[in-house]
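Heads up: the structure comes next, in structure tokens.
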């Protein structure tokens, strides 16, 4: 019997190879280098991801490549998510390093886990078959379980990690069950093979196929924090170290949406008339439950956790409107996922910055923030206004494109509800801003130097404003990736 290895295009795999080598390098430096390595770990992590980012940007000009026996596809879609998660990884390293240094925690292990999670999102976005997809999702999720409990002497962090892991394992089982059904019914592993499975009028396979799709939506709904599968989100986001929450609130969500788009649009596009309404209902529940419950929260970190749930609903609204030739539906998800990195990572990053100054994330701690730290208050105001969808910030075009994506698919009512939910969200975003600018400070905080975190937060704030004005290049790139 003759066996042959599949042809492999290593150039197409270069970004994931670089990130994987970087993750290994951080560990090897820790093991074999006797010198003080405090500043080496973040430098290696940032440089490795920056190199992978440069390669991904170069690859945007190349033709789409399917390699590794049809299990891997490098195209503009996968590269868009690769670029998005690499940016979040670089910013995440800069935000995390001060927190790790102040608490004297293991920095090599932390950065290795973070890089593995980044690699997982890249694999998920590039996966072209069910097996690679599942590997990518798990490579994204498992490191975040450990990062959530990284503050091992903090009971809340340990509890959040355990809850996240148990519910994550349950959702993974549901997702795997759905993928198994999908393979069993269609006999295909790659997305084109699954899409080629034809359904005739009255075909008895349609019901079990819809059941498989529903299981997949449930499994990925957990990963993206969609209602009613969001139960883990408030506790995990609040209990996890804030720097970890900042990173995983954007990276895990990006991976989940990359997987959902690939499966729904490429593997089962003929069923859009069935999965579209399901996503629309979930989107409505998610955006309203997340934003309404956030209003009553007294912890800003938990408030932003529910806000993150609401934004999952906004993104789902765009995807729900997908029909053949509706490029705006997928493009709106890609654009929103990209700008969300700067808005949400920046907001959580400010909370982490305050914690490093000896503060906490309770609403009372926001009192008089402008008088104590005007730069931090100004940056947080930008992020909150953007999350609200205020003009001249990235949040407004993101929501407008979601509306257009939903409307083009016949879900104009869903697009209108996106703006209604955004108005509701203004209640709790403005509540925080009022306390920052209108109240007197109650406590004095220390002022340690955190230049790396300041750089990351400054980049997030500038990008949030610029993408609210100069949004067309990113939108055009997103449209070309559909």
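Placed from the backbone N, Cα and C atoms, the Cβ positions cover glycine too.
For 127-425, the entry in TrEMBL reads domain 'NADH:quinone oxidoreductase/Mrp antiporter transmembrane'.
Feature annotation from TrEMBL assigns transmembrane segment to 12-33 (among others). Panel annotation: around the transmembrane segment (12-33), residues 40-41, 44-45, 47-49, 51-53, 55-56, 59, 65, 67-68, 72, 74, 82, 86, 108-109, 111-112, 115-116, 118-119, 122-123, 126 of the same chain, lying at least six beyond its termini, place a Cβ under 8 Å from a Cβ of the stretch.
Nonlocal intrachain contacts for the transmembrane segment (40-58), taken as residues 6+ away from its ends with a CB within less than 8 angstroms of a stretch CB, comprise 14-16, 18-19, 21-22, 25-26, 29-30, 33, 79, 82-83, 86-87, 89-90, 93-94, 96-97, 107-108, 111, 114-115, 118, 452. Positions annotated as transmembrane segment by TrEMBL: 40-58 (among others).
What TrEMBL lists as transmembrane segment is 78-96 (among others). Remote same-chain partners of the transmembrane segment (78-96), defined as residues 6 or more beyond its termini with a Cβ less than 8 Å from a stretch Cβ, comprise 15, 19, 42, 45-46, 49-50, 52-53, 56-57, 59-60, 110-111, 114-115, 118, 121-122, 124-126, 243-244, 246-247, 250-251, 254-255, 258, 334, 337-338, 341, 345, 349, 352, 452-453, 455-457, 459-460, 477-478, 481.
The feature transmembrane segment is assigned by TrEMBL to 108-127 (among others).
The transmembrane segment annotation in TrEMBL covers 133-152 (among others). Within its own chain, the transmembrane segment (133-152) has Cβ neighbours under 8 Å at 103, 105, 110, 113-114, 116-117, 119-127, 158, 160-162, 164-165, 168, 172, 175-176, 179, 223, 236, 239-241, 244, 247-248, 251-252, 255-256, 259, 262-263, counting only residues six or more beyond its boundaries.
Look at TrEMBL and you will find 209-231 (among others) tagged as transmembrane segment.
What TrEMBL records for 243-265 (among others) is transmembrane segment.
Long-range Cβ contacts of the transmembrane segment (277-296) within its own chain (Cβ-Cβ under 8 Å, at least 6 residues beyond either end) map to 214, 217, 221, 225-228, 230, 264, 303-304, 306-314, 316-317, 319-321, 411, 414, 417-418, 421-422, 424-425, 427-428, 431. Annotation source TrEMBL lists transmembrane segment at 277-296 (among others).
For the transmembrane segment (303-323), the residues of the chain that approach it from at least six positions outside its boundaries are 224-227, 230, 233-234, 236-238, 245, 249, 253, 257, 260-261, 264-265, 272, 276-277, 279-280, 282-291, 293-294, 297, 329-330, 332-333, 336-337, 340, 344, 347-348, 351, 363, 387, 398-399, 401-402, 405-411, 414-415, 417-418, 421-422, 425, 428-429, 432, judged by C-beta separation under 8 angstroms. For 303-323 (among others), the entry in TrEMBL reads transmembrane segment.
As annotated by TrEMBL, transmembrane segment applies to 329-354 (among others).
With a threshold of 8 Å between CB atoms, the same-chain residues lying at least 6 positions outside the transmembrane segment (375-398) that come near it are 307, 311, 314, 332, 335-336, 339-340, 342-344, 346-347, 350, 353-354, 369, 419, 422, 425-426, 429-430, 432-433, 436-437, 457-458, 460-461, 463-465, 467-469, 471, 475. The transmembrane segment annotation in TrEMBL covers 375-398 (among others).
Annotation source TrEMBL lists transmembrane segment at 410-432 (among others).
Proximity of distant same-chain residues to the transmembrane segment (329-354), defined by a Cβ-Cβ separation under 8 Å and at least 6 residues beyond the stretch ends, is recorded for 77, 80-81, 83-84, 87-88, 91-92, 95, 99, 241-243, 245-247, 249-250, 253-254, 257, 261, 265, 300-301, 304, 308, 311, 314-315, 318-323, 360-361, 365, 369, 376, 379-380, 382-384, 386-387, 393-395, 397-398, 401-402, 404-406, 408-409, 445, 450, 453-454, 456-457, 459-461, 463-464, 467, 471, 474-475, 478-479, 481-482.
Here the transmembrane segment (243-265) has long-range neighbours at 77-78, 81, 84-85, 88-89, 92, 95-96, 99-100, 114, 117-118, 120-121, 124-125, 127-128, 133, 136-137, 140-141, 144, 147-148, 150, 191, 213, 216-217, 220, 223-225, 236-237, 272, 275, 279, 301, 304-305, 308, 312, 315, 319, 322, 330, 333, 337, 340-341, 344-345, 348-349, 352, meaning same-chain residues at least 6 beyond its ends whose C-beta is under 8 angstroms from one of its own.
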